[in-house]
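Feature annotations, courtesy of Swiss-Prot:
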type     : residues : note
REGION   : 1-21     : region 'Disordered'
REGION   : 64-129   : region 'Disordered'
COMPBIAS : 90-108   : compositional bias 'Low complexity'
TRANSMEM : 185-205  : transmembrane segment
TOPO_DOM : 206-420  : topological domain 'Virion surface'
CARBOHYD : ASN258   : N-linked glycosylation site
CARBOHYD : ASN264   : N-linked glycosylation site
CARBOHYD : ASN300   : N-linked glycosylation site
CARBOHYD : ASN304   : N-linked glycosylation site
CARBOHYD : ASN371   : N-linked glycosylation site
CARBOHYD : ASN384   : N-linked glycosylation site
Amino acid sequence: MVDEQVAVEHGTVSHTISREEDGVVHERRVLASGERVEVFYKAPAPRPREGRASTFHDFTVPAAAAVPGPEPEPEPHPPMPIHANGGGETKTNTQDQNQNQTTRTRTNAKAEERTAEMDDTMASSGGQRGAPISADLLSLSSLTGRMAAMAPSWMKSEVCGERMRFKEDVYDGEAETLAEPPRCFMLSFVFIYYCCYLAFLALLAFGFNPLFLPSFMPVGAKVLRGKGRDFGVPLSYGCPTNPFCKVYTLIPAVVINNVTYYPNNTDSHGGHGGFEAAALHVAALFESGCPNLQAVTNRNRTFNVTRASGRVERRLVQDMQRVLASAVVVMHHHCHYETYYVFDGVGPEFGTIPTPCFKDVLAFRPSLVTNCTAPLKTSVKGPNWSGAAGGMKRKQCRVDRLTDRSFPAYLEEVMYVMVQ
């Protein structure tokens, strides 16, 4: 079967003959120059699309793409042969050619009139010359249709105004819009990530750094109570070499009758105990204004305690009074004096020990005589000497670093208080 088509394109007449038996297409074209050409080719057999993409049409033109203008008039049909006298004579070939030429002339004139009307409409509406015509829009719509046809089967697109949104493919034929994640969620995720990163770096720098691990385990010194409850004992006396460790204040030793009583509750003759009694004896002599109290500093300076006149000497006497009174308070309540210095300045969760003076500690022994030449009484008893936590643990006191008299000389302190 042979189909013959006649098309008019821009003044060019093309005769197309296609055969369904072998699919060969024979075209006779008349170029604008008047030259006649013949083209033979085999049209490819169309294949149906597969999947959900088959629902898209390649040449779908949206409603917004329609160009306003007059409706094109239908092309005239080719003239039918006129039979005269019941099928006798017909018109000659010359008459047929003249009629075809007249038809082509009329068609070309109508096409030129439609083009002129479209140009006038665009000019009157303020549009620009050379705007895309309907053929260009048809080509754009066909490109969009082809792109949509190549989309995966689980995704389909829908044009809504000037925006294209993608929808999920569901089995019931309906689609749900994919919601984009909010930007606040993304910003919060980045913020949390960097916070965790900085916390991890701080943990590595401080938490797992061996230089910041103290060599002692603090035991909280509870607040003093009226019933004389015992304090705890520190488990260690070492101090790591880092700037966060508080240097112990030097507690002066007491020399009475050529016997030195050290703050670790030992003496120069190898005995144990007696530092609390020696400190109380110095407090009684100081409050009585006895002139037989001499102080020796770590810079080999010697001066009279009760007659200190210089600014540095008065500061040394005040520091000596504070540390001796604090040591007496701690020892009187059966607690090592190191506890006071470890927790001095720490928060209230560990409790605080009030800074006493000589008048406060003299209340522990109201029977002390005020004679400047009175002998030392070492039999000092405090409340609750017996019990699980009662008494001093001499083995731990011997390892105290405060027994070292080589205190650094960057700050002058009193090392010995001598009773002459």
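Placed from the backbone N, Cα and C atoms, the Cβ positions cover glycine too.
Fair warning: this is a prediction, and the values are worked out from it, not measured in the lab.
Projection of Swiss-Prot feature records onto the structure.
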residue : record                      : DSSP class
ASN258  : N-linked glycosylation site : coil
ASN300  : N-linked glycosylation site : coil
ASN371  : N-linked glycosylation site : coil
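This prediction places the mean pLDDT of the topological domain 'Virion surface' (206-420) at 63. The distance from the Cα of ASN258 (N-linked glycosylation site) to the Cα of ASN304 (N-linked glycosylation site) comes to 18 Å. Cβ neighbour count for ASN300 (N-linked glycosylation site): 8 (other Cβ atoms within 10 Å of its Cβ, all protein chains included).
Around the Cβ of ASN304 (N-linked glycosylation site), a 10 Å sphere holds 15 further Cβ atoms from the protein chains shown. When the glycosylation sites ASN258, ASN371 are scored by other C-beta atoms within 10 Å, ASN371 scores highest.
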